[in-house]
């Protein structure tokens, strides 16, 4: 299968279940998170995929997700390229704080703006636009060339870094991206035409 990109949000992390803003903090996966990544690898193998190259962020929850997938596919020796350009959005002063407590302090409306608006960043953090400003150039210069050479590429990363990438890939506007949600451990498969436009999009559910 040529010109293929698989995106996957890391499996459930320890801070996901604690309801904490994570950002660039580095908690590991929960038992469920490990299982989600293993299942994703099995499903990708069953779909007949084989990766030529794999990318992930500088954070262990994404790295371990990628490792589980490659192990299940019999490709544990494939180089895994790690780069902070694919890191989760930096939540700044909110990082490590409980989401419910932040809502109580700042108000539901303000927190929703920080979490889901395109251009508004939390204090000392990144907006989705800021996140896209590092994700998209990295994709264009380092990842897309492999896809255009008819290779199959894995990116294991994070909810907001992947949302920023999807926004650019699909040409979504700042309103459309607000409703885009990525479930932990669920692969999203794109195939591309030779001119880099999207040919197909498939979600592999457990």
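Residue numbering: from 1, along the chain as shown.
Even glycines carry a Cβ here, placed using N, Cα and C.
Because the structure is a prediction, the values reported are computed rather than measured.
According to Swiss-Prot, the features are:
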type: BINDING; residues: 9-16, 22-23, 61, 88-91, 99, 115-116, 159-160; note: substrate binding site
type: ACT_SITE; residues: 10; note: active site, tele-phosphohistidine intermediate
type: ACT_SITE; residues: 88; note: active site, proton donor/acceptor
type: SITE; residues: 158; note: site 'Transition state stabilizer'
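Secondary structure from DSSP puts the residue listed as 'active site, tele-phosphohistidine intermediate' in coil.
Checking each of the binding-site residues (9, 15, 23, 89, 99) against residue 158 (site 'Transition state stabilizer'), the C-alpha distance stays within 10 Å for 9, 23, 89. If you count neighbouring Cβ atoms within 10 Å for each of the recorded positions 9, 10, 89, the highest count belongs to 10.
Rounded to the nearest whole angstrom, the C-alpha distance between residue 99 (substrate binding site) and the residue listed as 'active site, proton donor/acceptor' is 16. The Cα atom of residue 10 (active site, tele-phosphohistidine intermediate) lies nearest to that of 159, taking the recorded positions 23, 88, 89, 159 as the candidates. Residues near residue 12 (substrate binding site) in space but far in sequence (CB under 8 A, at least 6 apart, same chain), listed by position: 29, 30, 32, 33, 36, 184, 185. Secondary structure from DSSP puts residue 15 (substrate binding site) in a helix. Close to residue 15 (substrate binding site) in the fold, though at least 6 residues off in sequence, lie 21, 22, 25, 27, each with a CB less than 8 Å from its CB. All protein chains shown were included, and the count of other CB atoms within 10 Å of the CB of the residue listed as 'active site, proton donor/acceptor' stands at 27. Here the recorded positions are 99, 158, and the one whose Cβ sees the fewest other Cβ atoms within 10 Å is 99. Cβ neighbours within 10 Å of residue 159 (substrate binding site), excluding its own Cβ and spanning all shown chains: 18.
The 10 Å shell around the Cβ of residue 23 (substrate binding site) contains 22 further Cβ atoms across the protein chains shown.
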